[in-house]
Amino acid sequence: FDASAKSVDGLLRFHLFHLGNFEECYNIANITHVGRMVYGKYCLGSISLNSTEIEELFAVNISSSRKLMHKQRGMNRQIEFYFGFCVPSGCTIRDVQKLTSDLIHFSEDFCYSQNTSPELTWGAVVTMYIINLIKSHDDYQFIFRSILLFFLALVIISTLFEIVLFYLKIEIPTNLMTAFSAFSNGKKLLTPVSNPEILLCLNGIKAISMMWWEEDTLNMIIINGTLSVDSFFTIAGLVTVYTFLKACDNGVEFNIFLYYLHRYIRLTPSLAIMVLIHSNLLEHLGNGPLWRGIYNEFVIDCKNYWWSALLYIQNYAHGHGTCVPQSWYLSVDFQLYLLSPMILIPLKKRSTIGLIWIGILIATGIIIPFTITYTYKIPAFMLTFTEDIQTYMWRYYKQTHTRFGPYVIGMLAGPINLILSLPIFQFLSKLSYAMYLVHYLVITLRYASMKTVLYFSNENLMTSFWGDFMVTLIFSVLLCLMFESPMIVLERHIFGIKAHSDNNWF
């Protein structure tokens with residue numbers, strides 16, 4: 001009883017989560033007088049009310065701010081309030097619902113108990129390899145463990161090899177031998193590049209877009225922060241045109257096969273590791289009242305749709321499920337990259353026709369989103385409920401034909417410089433792809449592992465943001481050093497490409 005949610009407060013201010021004490025309930029383990037072990041069972045239930053029902057129930061008006069929100073489509077729909085209950089592990093869902101007179105809905109998916117918790121498998125953290133944990137009989141877990149061990153061994157061996165040669169003052173015969181060296185890759189990551197042929201200002205745009213704010217730096221996490229992704233589309237379009245035209249001016253022959261192959265090799269290794277983590281390890285990384293949603297929304301999607309993520313087609317291949325949720329961007333980016341020769345070739349052969357073609361596409365990129373949002377009555381921002389978010393994401397946000405506008409604008413843009421070319425932005429820009437793949441997982445793990453309610457304030461939000469940012473930065477460095485940078489070195493060695501060469505895109 002002590003671990004269950006009891007008195008509730010702040011319903012009129014939409015305090016939605018009343019979690020009780022998860023740890024106290026989950027850690028209950030007692031032996032009865034007949035020698036039977038009884039565990040605590042924590043169940044998270046929900047009750048659905050709309051704003052009108054809440055107003056009638058409490059015979060008061062809702063706050064004026066919420067009344068303004070009612071004008072937005074969907075804001076007067078069902079609102080889920082969550083309550084945590086602690087019962088003996090022998091109780092069924094039906095027993096728990098009887099305790100609440102069937103007012104609160106419970107599901108076994110959101111009940112947690114020591115006697116039903118999943119066995120720990122061989123995980124992806126180093127301690128799980130060193131300590132003899134319970135052996136997994138899952139072939140996928142074995143493959144996942146083997147892949148990580150293989151790459152970890154490559155990094156250790158390559159790093160030690162380079163350090164030995166460095167102290168013996170022996171010249172390294174080829175970069176291939178140190179492709180996985182944390183020493184070399186770390187040096188590249190931390191060393192600013194000064195090259196007049198590189199648009200250094202784009203590093204600043206990438207870095208600032210990762211820390212998006214509006215008007216006030218305390219508002220970095222804004223509800224329309226999703227729009228910051230447009231700056232990455234713009235950069236992608238600009239870089240595609242810039243490198244293509246520069247390579248053509250230098251006499252490099254366009255090879256469409258290598259053009260596509262380079263992009264696939266550049267994106268896929270790091271993404272594949274994140275797919276493996278989501279499908280085989282994620283469910284074992286934490287616990288809490290909201291944790292079961294991780295399995296339902298992340299793990300199952302990756303087990304079912306991993307193939308579409310690696311083929312970069314999941315924004316069109318199926319409905320709302322997405323393996324590695326933020327990877328929808330990679331699908332759009334890759335598809336635009338596949339289509340970009342339709343602009344690049346006319347732009348090179350007859351620049352006037354190419355510019356007219358770009359202008360037509362920019363206009364089309366405005367008309368299509370307008371038509372879709374008007375037809376489906378999609379709100380201008382994402383402050384709404386689940387079904388509307390799904391419609392917004394599926395009909396508009398993830399689709400290539402609605403997001404190509406900024407990409408084409410980037411193709412028409414010119415160089416910007418100065419502050420955006422500072423060395424610190426180079427470091428963050430080099431990590432931008434790894435941070436993009438890691439950040440969603442870091443935020444989700446923190447959110448799903450919460451045992452108590454976090455009250456909203458600018459101070460709490462800023463603390464959470466910078467905490468997430470630094471943790472993301474640390475794990476992004478590991479992902480970059482172990483997988484991303486070595487693969488770039490290997491690709492350049494295989495195709496004979498020099499660093500910062502115009503051949504990088506061909």
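Glycine is treated like the rest: Cβ placed from N, Cα and C.
Your range for transmembrane segment, going by TrEMBL and the list 221-245, 296-320, is 221-245. Long-range contacts of the transmembrane segment (469-490) within its own chain (CB-CB distance under 8 A, at least 6 residues past either end) are made by residues 151-152, 154-155, 175-176, 178-180, 182, 185-186, 188-189, 211, 265-266, 269-270, 273, 430-431, 433-435, 437-439, 442. For the domain 'Nose resistant-to-fluoxetine protein N-terminal' (1-99), the mean pLDDT of the prediction comes to 72.
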